[in-house]
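Note sheet for the following structure.
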């Protein structure tokens, strides 16, 4: 009897040990799965860089965009030195982006009809020439405000052709499977440049003056032009020539109508472009008064202004890498919620006069803005057929960037009359209204997405 009890006790102890071993094994397995999942997510963040052509383009753009952001900081500071007028800042911004409003649709036709690599080689070379002329004028001391106006307008003409081709070229570098990831990485490099460029630019202005920034920008175009020249066209994922050649019946106006008709007939594309346009017009153009906000509200110098812009870039970079790690098209609700958050945060930022708080707020503004714009970009590119992508992205460029001239005049005019805080508050409020309207008008777009998923399945 005693022996039987001892045996039963040992069996129970053995079962308990076995159960504990199983629990440990299950916990270990869950930990391993979680570690592997996180590792796969980290790897997926940079999936698009496995494509050689995309690597060449991406790293070249990174160097060039750092120079571009340095020139942007230098140009804004130069305009204030020459004129001491926030309205002049608005005029420069308007002249730089007005050509995009006028010629972006034509740029989309160029993107659909000509090899995008050749188009980009031309536009990047011309942009380098523009930067070199600016560098010479500033370095020699001959720069006047009308020079800045003319060169800003010429750069805008270049960007009107460059931007639709650059946006739609990404799909040819990586293909559809890695497109969302590539768009996220492209947004991240833009914001990495925004972190480095303004901060370094502000320091260089304080140390050497504005002229050095324009020289650096001119030189920074060499890597991106070299990268474009080294791209292997045989490894592109689509043939621009096959897609782009119009038939004899397809004139310019008919081609434009084809793209616009697709937008009108596709609710998700129409809603996305409408909200992007409204927010870009009134909310995202706050950069035009950021130097004024830094000097009159926060009372910081050029280095503080550069750091403010860098904080915006840090927030944007974190959000862009998060988007890249997801590697898929975001739901419509996410786009609209990011837009609402951006608008509210911009309004809160406009009311701050504490530098430390403003640095944190502008980082959050950057994170929500890039979450909104990158998600909208991904949605448009993944919902658009290859042969229309250049034209659809030209409309996106038109509303996202081309609306900036009017927005700059609106923001600069308000700042000139009522101050920087009021102009930022008004822009955020109007953007919030647009986002809320989009939220209540989203039903047809969501139905279209559901029908699209049903058809594909």
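Even glycines carry a Cβ here, placed using N, Cα and C.
TrEMBL does not curate its annotations; it predicts them automatically.
Between the listed ranges 194-213, 214-233, TrEMBL ties the annotation transmembrane segment to 214-233.
From the options 86-107, 108-129, the stretch TrEMBL describes as transmembrane segment is 86-107. Per TrEMBL, the range carrying the annotation transmembrane segment out of 18-36, 37-55, 56-74 is 56-74. Over the domain 'Major facilitator superfamily (MFS) profile' (53-446), the average per-residue pLDDT in this prediction is 85. Here the transmembrane segment (335-352) does not touch the transmembrane segment (214-233). Their Cβ atoms form fewer than 3 pairs under 8 Å, with each pair 6 or more residues apart.
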